[in-house]
Every structure is written in C-alpha cells, then in structure tokens.
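In what follows, a single structure is set out as structure tokens and then discussed.
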There are 2 protein chains.
Amino acid sequence: MANITKKVSWSSRGDDSALTGEGTPLLNGTEIPKPSRQLSGSGSVFRIGRFSTVDLEDDITSEEDPIRGRPKEIPHNEKLLSLKYESLDYDNIENQLFLEEERRMSHMGFRCLEISRWVICGLIGILTGLIACFIDIMVEKLAGYKYQVIKENIEKFTEVGGLSISLILWAVLNCAFVLVGGVMVAFFEPIAAGSGIPQIKCYLNGVKIPRVVRLKTLVVKVIGVICSVAGGLAVGKEGPMIHSGAVVAAGVSQGRSTSLKRDFKMFEYFRRDTEKRDFVSAGAAAGVSAAFGAPVGGVLFSLEEGASFWNQMLTWRIFFASMISTFTLNFFLSIYHGKPGDLSNPGLINFGRFESDSVAYYYYEIPLFMCMGALGGLLGALFNSLNYWLTIFRIRYVHRPCLQVIEALLVAAVTAAVSFTMIYFSNDCQPLGPEHNEEYPLQLFCADGEYNAMATAFFNTPERSVRSLFHNQPGSYNPLTLGLFTLTYFFLACWTYGLAVSAGVFIPSLLIGAAWGRLCGILLASFTPTSPIWADPGKYALIGAAAQLGGIVRMTLSLTVIMVEATGNVTYGLPIMLVLMIAKIVGDYFQEGLYDIHIKLQSVPFLHWEAPATSHWLTAREVMSSPVTCFNRIEKVGTIVDVLSNTSTNHNGFPVVVQVLDSDEPAKLCGLILRSQLIVLLKHKVFVELARSRLSQRKLQLKDFRDAYPRFPPIQSIHVSQDERECMMDLTEFMNPTPYTVPQDTSLPRVFKLFRALGLRHLVVADDVNRVIGLVTRKDLARYHLGKHGLEELQLAQT
Amino acid sequence: MANITKKVSWSSRGDDSALTGEGTPLLNGTEIPKPSRQLSGSGSVFRIGRFSTVDLEDDITSEEDPIRGRPKEIPHNEKLLSLKYESLDYDNIENQLFLEEERRMSHMGFRCLEISRWVICGLIGILTGLIACFIDIMVEKLAGYKYQVIKENIEKFTEVGGLSISLILWAVLNCAFVLVGGVMVAFFEPIAAGSGIPQIKCYLNGVKIPRVVRLKTLVVKVIGVICSVAGGLAVGKEGPMIHSGAVVAAGVSQGRSTSLKRDFKMFEYFRRDTEKRDFVSAGAAAGVSAAFGAPVGGVLFSLEEGASFWNQMLTWRIFFASMISTFTLNFFLSIYHGKPGDLSNPGLINFGRFESDSVAYYYYEIPLFMCMGALGGLLGALFNSLNYWLTIFRIRYVHRPCLQVIEALLVAAVTAAVSFTMIYFSNDCQPLGPEHNEEYPLQLFCADGEYNAMATAFFNTPERSVRSLFHNQPGSYNPLTLGLFTLTYFFLACWTYGLAVSAGVFIPSLLIGAAWGRLCGILLASFTPTSPIWADPGKYALIGAAAQLGGIVRMTLSLTVIMVEATGNVTYGLPIMLVLMIAKIVGDYFQEGLYDIHIKLQSVPFLHWEAPATSHWLTAREVMSSPVTCFNRIEKVGTIVDVLSNTSTNHNGFPVVVQVLDSDEPAKLCGLILRSQLIVLLKHKVFVELARSRLSQRKLQLKDFRDAYPRFPPIQSIHVSQDERECMMDLTEFMNPTPYTVPQDTSLPRVFKLFRALGLRHLVVADDVNRVIGLVTRKDLARYHLGKHGLEELQLAQT
C-alpha cells in the first residue's frame, strides 16, 4: 500500500513546510494577493491589480436557475476577464481507469468506435439539415402569410386612402411575431439570443459557456429565429443554424438527453470533453453547410474557429457531416417545392447562379474591387463601433427581461414604420416584366404594370432582397433608392444585432453591402455610358456584399470559401479573397470584429492562435498562479470537502503530491485531479476507513464518471458525515499520473503553444526537483494581450 | 560564473553514479543493445531486434556526392526504418540568444516580419505560376511539334503503305525526349524522379529528405517533366508542380541560394526549420493550385499532408500564395493564347466546364456511383500492388543510373508501339464534325470526313484525352475502344510510375478512370435505351476518374475539393466525396496508397496523425532510447568532439545536465543542445580557456547559426587542436533551457500527441527528480504501427 503522506501546499517561495505558511490559510483557498506589479519591458504597459488567478467554476449552485447567464452579470468593461467561465478539458485524463479500459479494448473495439463516430456524424448532418428545412419552410409560410395580408391591405387602402391603417397592421404583425420570439429568449433561455456564433467560437476554443449546448437552447433558438425573420427584423436565419448544428451534435454524440432524462446507453465512450468537442465541430460545420450550401466552407469555419489540432480523419468526418447536412436540406426542400431531384437548394440562402460567361470580371477591375474592400472595412468598423456602444448601453440599462422584450418590440415597430415610410415616399417605379419574378410586388402609386422598386428591398425577406440585388436586370433600381436603403438598413441592422432575439448578422451585412455595391456599379456605369464593361451591376453587388460582411465579421478563408460556394462559381475566388483581405486590414485598424467585440464584452477568457508577439520576456514564473492548493495522494476526506466547499476560491484542478513519511525530501508532483472527479469520488463514498484498519474502498468504474458528465453536482449537494470526514481517500487510480509540466523559466509563447496545441486546462509549473510551484490556467494566458501601447494585462473580474 | 560540473550519463536503471556504468563506454555512444523483447499484450505481436534507436544524421560526409539518394541505398523491406533520414526541428530553439533577439524586437519589428511573410508568399505564388506557365507552353510546343510530324508521316504512309516507318519515327521521337529527361534525372538528381509528392509529404511531416528542396532539383524536375510528357509517356505534369512550388518556397523564403552562392541578406529571420516549413506548405499549396486551378484544394492539400498545428494567419497566407499562383498562370496563359483577360485557364489541367443544368445527376444514381467507387478502390489496389512489386524489383536490380535510363527508353518505345498498334487495329471511325475539335485527328483507314476514335485517346497529351472523355458527345467512342484503352493504359501507367523520370500519376489515373467510367456510362445507356437519364456518359467518366484516382492515391478531403474546383461545379461535391470515401475504404482493405507504399519502401520514419489505437499499454519507458549521452553545462571541448565524431552513433540531440560540484545530489536536466549548434560553436571556437583563468569566449550571434543553416558542416571538417581539446565550452547561452519533458509512465499515445502536435525532434524522459533517463525521437515513435496481427514494431535499418 502506498505511504501515507502529510498534507502540503506549495507557496511560490518554495517553502515546503507549511500548511498555513505566513499565517495565511492556504488550505481553505484564500490566497495571498500578489503584489501589484509595474513591469518595465520594451514599451509595455501593465495594468495592476490581479486579485485572483484561479480557474473558477461557474455558479454551480444555481444549476436550474433560469436567471443565470443574464447580461446583468456581465462586467461591462472589456479590460476584464470574467472568472465565471470554466475551461473544458480537451486533454484526455489518462488515469488508471482510462488506461485499463483502453488496454482491455481490442483492435475490433477501436474499429467499432470509429464506425460509431461516422454514424454520429451522419446523424448530425441529417438532423441539422432537417432543422434547417423546418426553419426555411416555417419562415416561408409565416412571412408569406404576413406579406400577403399586408399587400392586400395596402392595395385596398391605396385606392381609398388611409394607408396609415396598413402601417399599423404591418407594425402589429411584426410586433406579434417578435413578441413571441423575444419572450422565449428573454425569459426562457437568454443564451439563445443573437447568432450564437461567438458562443460556439468560445466553446471550440475551450471555454465552457453555461447552457450553450442544451436541448432547451435549441428549441428556443429555432422558434426564436423563425419569429425574428417572420417579424421582419433586419436579421438572417443563417447564423443561428451554426449554433443549432452544434447543439444537435452535442446531444446526439452523448447518446442521451439530460434535459429529457433519457439515456439510450449508447455512445458512452464519447462522454468527455475531447470527443464532444470533435462532434460539436462537425455540428457547427453542418450548420454552416446547411445555411449557405457550403460544405467545404463549413469545414473551414470549424477549423478556423476551433481546431487547434488538425486531424485528418476528424476533418474527413466533419466534411461528411457537412455534405449530409446540405444534401438533406436539398432533398427535403426539393420535395417540399414539388420538384424532387432538383439540386438547386443546397442552403438556406441561395445567391443564385453567377454564370462565369455572362458576368466575368476583367483584370483592371481588381483595383476597383479593392477600393470597395476598403470601403467595406470602414463601414464595418463603423457598424461594429456603433454596436459596441449600443451593447455597453444595453448591459448597463436594458438588462431586465421585460425591458429587453420591450426594446425588441420597439425595434420591430420602428423597422415596419421605416420600411413603410421609405416605400411610401419612393417614386422609383419599374415595369413588371416577365423576367421580374417578385414574390410580392407592391404597386402603390405606380402606374399599372409597374411596381415600387423600394418595396423589392424592404417588402421581402432579406434573403430574397439579396438575390434581387445580385441578379435583377441593370436598371431595376435607381441610385437614390439604393442609397436611402443602404442608409436606413445599416442603422436598423446595427440596432437589431444584440437584441434579445435569436438572429444572425450575415444576411443583413450582405444586404447592406449588396445595396451599396450595386450603387457603386450603377455610378460607374453612369460615368462611362458607352462602355459595355460596367453593364452589369450584379457583380458589384456581390463584391460589395463580401466587403461589408468581411468588414463586420472579419472572417477570412472560411468566408471566402463560403461566398464562392454560395455563388457556385470559382471564378470570383480571387476578387472575393482580395476584398475580404483588404476589408479585414482596414477594419482591424479601427475596431475589432463584431464577434470578438461581443466575446470581449462578455469577458470570456478566449485564447487566440498565438501568444502576443512581444511577450517573449514573460516566463511561466510570472504568469502562473501561486500558491497552489495541492492534495496528497492519500488525502483526508474532510480536507477535500473543505477545499471544494470554499466558495471564495473554487479551484478546479489540484496537483497531487507524494511525500515519503518520515523523510525530509520535498514532496514531488505525482498527478493532477479535477474537482469533477473528486465530486464523483465523494458522491460514491470511495473512502478508505483507516480507523478500522481495513480497506473498504468501493471499486469505481469509468462509467460512474461518464454518467455524471457533464453536469457534476455541486459539492453542497453531497452529504459527508463527521465520521466520513475522518476517512482517507486514495486518489492514485483517478488522478492523471502524467500531467504536462514546464520549468518556471519557460517563455510565455512556449507555454502558450503547449497549452493551445494540446487544449490543456491546467499546466503545472515545476521546479528542478519536481516540486509544484505554480499552475497555469487559461485565465493566466488570456490575460495578456496586445493593446495600443504594447503588451497589456487584463484584470480579473470578481463576478 | 556557473558551477563546473562533472560529466554524467544516465542509464535507464537510474544509477546516478556512473560515467561509464557497467563497463560500457557510454560516452562514445556505443550503446547497450536492449534485450529483445517478446511483449505479450492484447493480441499484439512484437518483432525483435532493435539495435539502435538514436536520431541519425544523414550521411553528412558526402555533401556533394551526386550518387547519394540512389535507390540502391534503400533497404528493400518495408518492415524497416532507415536511420539515414534526419528530423527537422519544428520546435523553436528558445535559447538565450533567441530570447534576447525576440525581446529586443519592437512591436513594429514583428509587424515588418509579418509583412515580409506576405511578400514572400506573394513571390512564391508568382514564381510557381510562372513555372507552371513555362511547363505548359513548352509541353504544348514540343508535343505539338511531335504530333504534327508524326501525323504528316502517318498520313503520307497510310496511302502508300509502310506504316512501320511511322511507328519507328514515333518511337524514336519519344525515346529522344525520354532520353534527355531520364539522363538528367538518373545522373544529375535522382531525387527529382517521380512526382515528388511523397518527398514533400515527408518534409512537411518533419523528415529531412536530403536535397529535396534545392535549386538543382527544381531545374532537373522542370526539364524532366517537360521531356516525359512530350515523350508520350503515360504521365502527367501536375504532380511535379507540387514539388516545384515547394522548392521555390524553400528558396525564396531564405533570401539566398546556397547552390548559386548568392546571399541577398534578406529574410534572415526565416532561416530555421519552423519558418521554412510554413513557406514550404505555402509553396506546395501554390503548386496544387497552379496544377489544378484549385486554390482551396491546395490549402487543404498542405494542411492534410503537413500541418500538425493549424494557425489562422498561416492558412490565410497559404491561401494567398495559392490564389496568386493560379492567377499568374491564368494571366500569362491568357496572354500567350492571345486572349488577355480570359479566365478559363486557372490550372495546367482543365476539366472543362460541367454545366449543372445539362449534366445534373439524380438521387437514384448515387448507389451506382458508389459501386463505381468500389470498383475504383479495387483497381487502385491492383495498381498499387503491381507497382509495389515492380518497385521492389527496381530496387533490387535496376539501381544503376544507366539501367534506369535504359528502362525509361524501353517504356517510351513500348508506349509508342502499343499506342500505334491500338490505333492501327482499331476500326472505330467517328464523323469529324464541327463540334469535334480534335487537335490532331488521325484519319488512317477511316472514310473521308471521319477520324479514328482510338487516336483521340492515344494520340494526344493525356490532359486532352481526359477532357475528350469528359465532354465529347455521346457516341464518340465505342465500348471496345474504351475497354482496350483502359486495359493497355492501366499497365502502361503502372509500369511508368517509379521510372527515373520526373512525372506525376494524377493524370494517368484520371485517364484510366475516365475511360472505364465512360464505358460504364455507355453500357448503362445500352441497357435502357429509351431512358434519357443515362444519355450523357461524361458524368460517368468524371465519377470513374475520381474513383480511380482516389483508389490509387487515397487522398480524401483535399482531393474532393480539387476535383470540385477543377470541374468548376459544386453540384458534384457529394457524389465525388462518396466515391472517394468508398474507393479509400475498399482500397485500404487490400493495399495502402501509392505514396504511402513508396514512403514505406524508402523506410522513412513517417509519423501518422495518431498513435496506433491499441498502443495504450506502451509507455515512454518502453519506447525511449536509453542510455542517453548527456553533456554538462560547461563541457570539455575534447569530449564534445569525441562524441560528435563517433560515426557509430551520430546522435543529433544531447540533453544538458548540471550537477553541483562536491555534492551527491543527482545531476539535473537543464537544457537540450543539438549537434548542429555544437558544430557552429566548434567552428567559431567558442571556448573558455580555463587554464589561463580568463574568459575569452567569443560572443556568438544568432546570425552565425543562421548563416550556417541549413548545411551545417560535418564534424570531420572542423579542426580542433590538442590545446583546444583541453578547453571548456559553456553551453548555457546556446542550449534550449526549457525542453519538453515527460515522466516515464506516460502512455505512448500521450507522448505521440505531444510530439506530433508540437513538431518535436527530441523529447526528454525525466524521472521524478528531473534526471534524464531517456530520449524519445521520431524513430522511437514511428516504429510502432498497426499490422495485420495487432501492434507491430519495425526494425531499424543500419543503412
């Protein structure tokens, strides 16, 4: 049997004596605040005040509290890092139980696992495609019904006068839809607000955003997005598909639903963060694929946002899920539209076909495209800045659910009013020819056989408007219409993003860009009326759309591929790439991308691809948290319960040390154990009753840990009697015996690379005799970022 | 000053006493052979006899020996791992010099570096595009001239009789071209043989293949491929583009040419393996992009084959290089063809446009496609098996350059003869209509206004034949012609791959597949003559081509995207993906992919994505090499020279240890130093002359290391006098002070993941007091693989 060891905690000074070194109660987790530092480096400014650096559990006591995750909890300062977000374990916990299971498994067993992975990816694809199909049909039905009612009403009142009644009808219908969506989101599942892309980015990055991949979130998201789009808001239904796909993946891959309390006893092997993340990547890719009909773009999106470690088989599976997803959508939509076998609906948004013969570009147009890219970057930065201030305002003043719903209703009403006004005062009448297949042409005050062009843009779902801007004949819009539309829609879209409704920003961005892009095309054509080159403003609409979207979201490779796949034409690859690149460079000069802004405002400890360039002079010694609360390999139950119960620290990972009894050798690191594992051990009372000098430790299976995953109960819910507190607990079997360690002189970029490449949660800093002297967690690395004045250090928020 | 320490070496038994433990001269590197093991695990069979496990330098003494790299050096047994291949250092050596430089650099400095990276990627794209353009034009000119001459000759002799003269002319012309190409490759640069894709795969994987990215290789490759294609061999010019792009990248990024002895004093920061690899990825992607007009496919190829760590900015740069490359090719080819502004030549191979309206597929065709995928997998496996035996034969018997040239000439003559015979005996005459734009229609014995259909396939460059099979009208070929063509071309292509000529296997594979695919289409149509569905055999040709190519090379995602981009139509994404997947599954059941076979036959220590599934019961203790030759932090020059000169071991990396004088504490690991660094130190005589009790250590710059990179001189070329041998050398500044370490109980998959994710070359295994007990190198990990009977261990070859 292993030697019984004393309890020790290591302070950063390396004193190996003390339970309560320097009078500070280390064991109960109250830590010695590090002295504030003012480090002088090459042009670096450091913020002071780092109070606590440990990896905190999100508020585990309020498991079923629907209030949680509300914006009011968000510290409204981007110079903070929140401690409420937990990290995910993307490094396998290779403890004895795990290794025994792996060693027991035969070659055939691994092959079966591989096959189940493929089956799951297929299921993810099918379900995501079905959800996309459902959203598409519902939106078409509801919006169609709405536009039909309003059109009839407008036609009735255009002749008899009293169009204000139509306006009121429009506004009321919009508000009704938005009310349903807003109430669902604000009162039932606040995390379902917005597009969900920032949340999925964080999840793939390794941050556990509470409740983000739950069934309830999915239901609210789907209903919410249908209501928002049908409610005529300046939103798209594409962004939320990515979130939906991710939730589907997280659900299917676990073979059970915790919300529905159903366990199908399948896929139990996949019940850990590493495997789940892989499936969530596939789900997000399937979502992109269904949204844009872009399977390769979906794979690249997942990789660009998530994968730190590229694995060939994984990528292939992700691609499979994406393909199945777009195929399913296409298949069912073709049946729904009564044209089975038709392959023209690969995605929710369909840009229509750009035939390379008719709409080719010329080399000398490329500089023009690049200028449009710069304009897109500028407008994108403006959009993001406005939205940034608006979000700050919302965090401060609009954080109660009812206020959020009221704001959503206000936006819905204003959108209807503005649209109506624009249409009403527009006198851009276009002939209603056979080539114009407008779904709901509004005649209003135009002559018979003509329709109001402004209504093409406003009186339509945004997807249709985008397609009209890309493909309508030259001359379908006059410049004034487009200019006014751009202006109003820009502000409407900016106001709408961040509301407590479920909605995406892709389509509004594309629409704004397509409008001003087409305007550019028309203006160019008017300068050189004789040249046939500028004849088609559709390609300028496409370039403008790419520029605007790139300027707002700042995605790169994946967005290029998504755009290319959505246009179905590889010819535009080069100009789209150049435009996105310029838009990103120009935009980044002024303001970050929209998703990054929202991630920052939530104070999420997000790890970028590399450590800041000028951070080589920081070492593990400076970034690590210390002192570290360690456990002995055989530890008293009471001590464990006390440490876990300490709400002021809430450590999540504990190095396990071993010290030979009656020896003055320093205690050595011998493993790492997680809070969640200890909770399971306590719950199953895996104690060694030393007092009775017999071993009654119950044999625990890996299954017990998997059953508890991912909602481990809080420590408060586990009752430990006074007798049991005196027992000992042997951690040997459950701890990870080979945690990664670094010496304390390791530079920050090196620590960062190790941490990021392997998806770690805790990295132990050890000295040259293998004593624990610190622990590096996600927050310790995420704190450093490159600001205007060089390297800056973020504060850690206490909320 | 640091404490002077004793020299120690750690044996795996952990005895901390011994310089020469157990009477074995550890210092000079002769190692105690580990006892052969017969490990009993879950169904695992172990091969015995592991003689040496250290990381060996390739034959550094024969730097300018053109004979090197010849097949005769290859151990002709795939159950061996060669020790002649060195690893690349994909982990930055963060020693004091490096850190000082990084810390000195300002934020602006890093920005300038980033800009230079973009400039280099742009240059890579432009140069790769130009090379592709050159190859294309030269092949077109030369092949055009050849076909013109033969055509006139055939026409002349068809009427008067005596066609055997035409045959001889054809064979002689072919042989002349192949002679030039074969002599270049066989005598001047054997590494330029074949497509170069296996070599680039190895390079990106981290294996240093000697001479693979040299200027001379590029020149031979380009001339070689022009000769092979013009010489009428069953080869393509696409594969070699990937190699060419990689060489361009390796050259441009270093800002100098070692071969031409020109140093432009630019891009000195990039003179290390990590940075160079990133550019080589970009070059390979640019090559794919130029070859197939597939920029996204290029990026995915690079990532699939190489990148273990995905970095967003890097990927974006790779994409930029790819885009520029295809754009450059397109731009210059459009000028060459007299149609500036035309965008229809994005790649060397152009599949022609598949319009989705005319050639759509139907859902119920998918099972048919999948059957074709299975057939492709079977035929691919047959191809690979035949080529495997042929390669073994070549390694044994055809390893002298002149024999290789003779074999190439034989193949050229046989190809001409077979082609001629097939055309001669074919009586498939087709009307020469306006829609048939055959370049060199052969009338032969057909009626006037008709041409010989067999000649369309044989009397053409393979690229044109592929396009004809995809797009010619239904009825252009009769089934017998296609069947015979498939059969003969299959064996010709199989014989040709592996010859000492520079050539690729992509196009022959596509051609074989397109032929039998079209045959399938025709047969299907003949079964259901009334249905218009099977009317177009072109899509079956496409599916067949994908199936055959997938069955031979077994690429997955990247190949799907390349095919989709080359067809310019995203509609075929799903069937192509399914076909490639089935082809891979079926093919893998019988035989590995062609590139993997050749990598294995070269005994390259190639690391796959993950450790074998059933390897959890192996730990670092079992896989590591031990004992390890260590150096002290301040080491005697004589000792270093002796260790480096020991040709029987040729260690490449040495842990550096420190031990306090007059203390019985064990010596601790404090760093890692490479052979190449020690060589530079010795060359610059960076010695501390302790005898005179003064410090005369010359201050060495990072520049000195960069100037020596990548061709470090062999130790034999450095003269060290007897006096100097008594000096000491202080390694503190130069060693990597924070090498990654693992405990000895770490499981093999965990070691593997760390090693692969970070691109390591040496991983130190340390015990719980930080003593060095072993070293894990690439060969230690590559030895384990999953064979038919479970986990197998490869032997290490002594060659």
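For all residues, glycine too, the Cβ spot is worked out from N, Cα and C.
Taken from TrEMBL as is:
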- B:1-12: compositional bias 'Polar residues' (COMPBIAS)
- B:735-793: domain 'CBS' (DOMAIN)
- B:1-43: region 'Disordered' (REGION)
- B:118-139: transmembrane segment (TRANSMEM)
- B:167-188: transmembrane segment (TRANSMEM)
- B:218-236: transmembrane segment (TRANSMEM)
- B:279-302: transmembrane segment (TRANSMEM)
- B:314-336: transmembrane segment (TRANSMEM)
- B:366-390: transmembrane segment (TRANSMEM)
- B:402-425: transmembrane segment (TRANSMEM)
- B:480-500: transmembrane segment (TRANSMEM)
- B:506-528: transmembrane segment (TRANSMEM)
- B:540-564: transmembrane segment (TRANSMEM)
- B:570-590: transmembrane segment (TRANSMEM)
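Among the recorded stretches B:218-236, B:314-336, B:506-528, B:570-590, the one sharing the largest number of Cβ pairs closer than 8 Å with the transmembrane segment (B:366-390) is B:570-590.
The stretches the transmembrane segment (B:218-236) and the transmembrane segment (B:506-528) are in mutual contact, each linked to the other by at least three Cβ pairs under 8 Å (pairs 6 or more apart in sequence). For the transmembrane segment (B:506-528), the list of distant contacts is 195, 234-239, 291, 349, 368, 372, 375-376, 379-380, 383, 457, 462-463, 465-466, 469-470, 474, 477, 479, 482-483, 485-486, 489-490, 492-493, 496-497, 534-549, 552-553: same-chain residues at least six beyond its ends, Cβ to Cβ under 8 Å. Assigned with DSSP, the residues of the domain 'CBS' (B:735-793) fall into helix, strand and coil as follows: 16 helix, 24 strand, 19 coil.
Each of B:167-188, B:314-336, B:540-564 was scored by its Cβ pairs under 8 Å to the transmembrane segment (B:480-500), and the highest score goes to B:167-188. The listed stretches are B:118-139, B:314-336, B:402-425, B:570-590; of these, B:314-336 has the most Cβ pairs under 8 Å to the transmembrane segment (B:279-302). It is B:118-139 that, among the stretches B:118-139, B:167-188, B:402-425, B:570-590, forms the most Cβ pairs under 8 Å with the transmembrane segment (B:314-336). Note on the transmembrane segment (B:118-139): residues 218, 222, 225-226, 229-230, 237, 241, 244-245, 248-249, 252-253, 267, 270, 279, 282-283, 286-287, 289-291, 317-318, 320-329, 331-333, 336, 347-348, 461 of its chain, located 6 or more positions outside it, place their CB under 8 angstroms from a CB of the stretch. Taking the domain 'CBS' (B:735-793) as a whole, pLDDT averages 89 in the prediction.
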